[in-house]
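Here is the structure we will look at.
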Amino acid sequence: MEVSGPEDDPFLSQLHQVQCPVCQQMMPAAHINSHLDRCLLLHPAGHAEPAAGSHRAGERAKGPSPPGAKRRRLSESSALKQPATPTAAESSEGEGEEGDDGGETESRESYDAPPTPSGARLIPDFPVARSSSPGRKGSGKRPAAAAAAGSASPRSWDEAEAQEEEEAVGDGDGDGDADADGEDDPGHWDADAAEAATAFGASGGGRPHPRALAAEEIRQMLQGKPLADTMRPDTLQDYFGQSKAVGQDTLLRSLLETNEIPSLILWGPPGCGKTTLAHIIASNSKKHSIRFVTLSATNAKTNDVRDVIKQAQNEKSFFKRKTILFIDEIHRFNKSQQDTFLPHVECGTITLIGATTENPSFQVNAALLSRCRVIVLEKLPVEAMVTILMRAINSLGIHVLDSSRPTDPLSHSSNSSSEPAMFIEDKAVDTLAYLSDGDARAGLNGLQLAVLARLSSRKMFCKKSGQSYSPSRVLITENDVKEGLQRSHILYDRAGEEHYNCISALHKSMRGSDQNASLYWLARMLEGGEDPLYVARRLVRFASEDIGLADPSALTQAVAAYQGCHFIGMPECEVLLAQCVVYFARAPKSIEVYSAYNNVKACLRNHQGPLPPVPLHLRNAPTRLMKDLGYGKGYKYNPMYSEPVDQEYLPEELRGVDFFKQRRC
């Protein structure tokens, strides 16, 4: 369970205030410990001073302090309740201590200088403040806002925390020394990289193509975390492919931008952006002091839900604070578990956001569904998939190669640091977008697998052949992408709505005598993992319902196909089903029996009062008593007559009714 932090709570800002001994900022006493943990990472040992603005960017430029320095800072700062401004001698002494660990002694005025290479190398070794967008690192540049705040009065704790996070994220996409090296200058890109950045344009968030990364840097960025999670956007500006639901001027987007979030059920196929939209709502909620809690119905229990609701009641009663509860895979909760939300959604204790791949009409309690707004997210179009993939490719520093140009990037041996470490063919990007079938998660993870596999295979080849490994000559082709995905990502759920959609499409295609469409829907189901016996049972039904007496042998064909599937199974039985499907599509159709039987059922359901009794002459008379009561009296045994027998077989109340002529009671 994930819960948003209390940093922006206006109530907590009114509690007892204390001063941080490191950065001199005022904050509630309850948060001093967590603040010190972050503050000691951002400020090197020996540089505590009361000025709130000017020293902060300089300390970031020097990089995080070593673990030993952090412990010294903690022991020194804990003994100071109200530290004074250090003298020049004390400042020099503290900087000398830093120099013992490998740093250089520098005066306070040198804080504005760009970070040194050694400082930049320290950044990956220590945790940094959370970033608002994936793939971005802290910048070593001093922000202009920090320079202007050098002589400002001490800020409130909320303002200081906001600027610390803003400075930790940085302004650029590259490393802190990117501007100093000039590697982020578009003049250092080659022509194809510049064209790729221009083509990406505003759809990539307005950021330029990142600087060229070494192959090992790309490998490290892709290891340990799925690329789909790393590239998850935080804003609606980077949320692509769902313009119908959250596009400009839509009702939902207006509600999200004004932070008036209703209870929602997000329904759509896997990888269409349900969880990402909830993540964007969570990011926006934290800025407005709204508590956001995440649960997954796959592992959460009813007690977990009750605990969250109890906390939400306390937050609302004491702090007047809203709570948004996001339930992923909400269809995994049974009806009694879903009933737990009803009174609390009704009275506004929580705002419920549920995500599901199943039809809410079948899987979500009707009472709960009536209290939520259903947002249908469609499968991502190919254009949106290309944009999402290009955003990830640019963040990895991979250069898109125009297949129409004959230049081979592997033909030259330049080792310039600004040269891209990896290339990918533009047709490989298009192929990946098509094979992903609208699933952004499958597409991004397929890209990650293709990149890692290509790097590993080239490294192994160079090792076996005795050649020197040249990471700047790696090319990802269309075949690499196909091997990474193996086959098209087929969306099919044997227990969900797509299951019923496909069997309905097969049934209607055979009824319409379209043999091509019938084969397509059959293959779609079987390749998606459908049980062949289920399809065979439906064909038996079709033989009597839609073909009927127009071709009585169709029922024999269907039963034979079912038995054959039972005998040999998949994949051999697929041709048996295909033969039966084509036979049914070509066969004449008749619903005479099917319609007549439906008329009989309607007659029985609409009959008023008790059903009419069976006529006496049609009753069986196995005993003497029944014969004495008139059972079977007057019945004419038809085989004994050469001519048709004039005899009534329906109850007297139904005489004259012809169910085959579409007459209803």
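A Cβ is built for glycine as well, from the same backbone N, Cα and C atoms used for every other residue.
Residues or ranges marked as region 'Disordered' by Swiss-Prot: 48-190. What Swiss-Prot records for Ser65, Ser75, Ser91, Ser92, Ser139, Ser153 is phosphoserine. Taken from Swiss-Prot, the feature ubiquitin cross-link covers Lys81, Lys141, Lys225, Lys301, Lys310, Lys316, Lys322, Lys335, Lys482, Lys627, Lys633, Lys636, and the record attributes it to experimental evidence. Under the heading compositional bias 'Low complexity', Swiss-Prot lists 130-155. The N6-acetyllysine annotation in Swiss-Prot covers Lys633.
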| What is the separation, in Å, between the Cα atoms of Lys310 (ubiquitin cross-link) and Lys627 (ubiquitin cross-link)? | 74
| task | In whole Å, note down how far the CA of Lys627 (ubiquitin cross-link) lies from the CA of Lys225 (ubiquitin cross-link). | result | 85
| query | From the Cα of Lys322 (ubiquitin cross-link) across to the Cα of Lys636 (ubiquitin cross-link), what is the distance in angstrom? | reply | 81
| task | Give the sequence-ordered list of residues that share a chain with Lys335 (ubiquitin cross-link), lie 6 or more positions from it, and have CB atoms under 8 Å from its CB. | result | Asn365
| query | Going by C-alpha positions, which of the recorded sites (Lys322, Lys627, Lys633) is nearest Lys482 (ubiquitin cross-link)? | reply | Lys322
| task | Filter the recorded sites Lys301, Lys322, Lys627, Lys633 down to those whose C-alpha lies within 10 angstroms of the C-alpha of Lys316 (ubiquitin cross-link); answer none if the list is empty. | result | Lys322
| field | Pairwise Cα distance for Lys627 (ubiquitin cross-link)/Lys322 (ubiquitin cross-link) [Å, integer] | value | 80
| query | Within 10 angstroms of the C-beta of Lys301 (ubiquitin cross-link), what count of other C-beta atoms is obtained when all protein chains are considered? | reply | 12
| Collapsed DSSP category at Lys310 (ubiquitin cross-link) | helix
| task | Report the member of Lys322, Lys633 (the recorded sites) whose C-beta atom has the most other C-beta atoms within 10 angstroms. | result | Lys322
| field | Cα separation, Lys301 (ubiquitin cross-link) to Lys633 (ubiquitin cross-link) (Å, whole number) | value | 68
| Which of Lys225, Lys310, Lys316 (the recorded sites) has the most other Cβ atoms within 10 Å? | Lys316
| request: Give the distance between the Cα atoms of Lys301 (ubiquitin cross-link) and Lys322 (ubiquitin cross-link), rounded to the nearest whole Å. | output: 22
| query | In the structure shown, with every protein chain counted, which of the recorded sites Lys482, Lys627, Lys636 has the densest set of Cβ atoms within 10 angstroms of its Cβ? | reply | Lys482
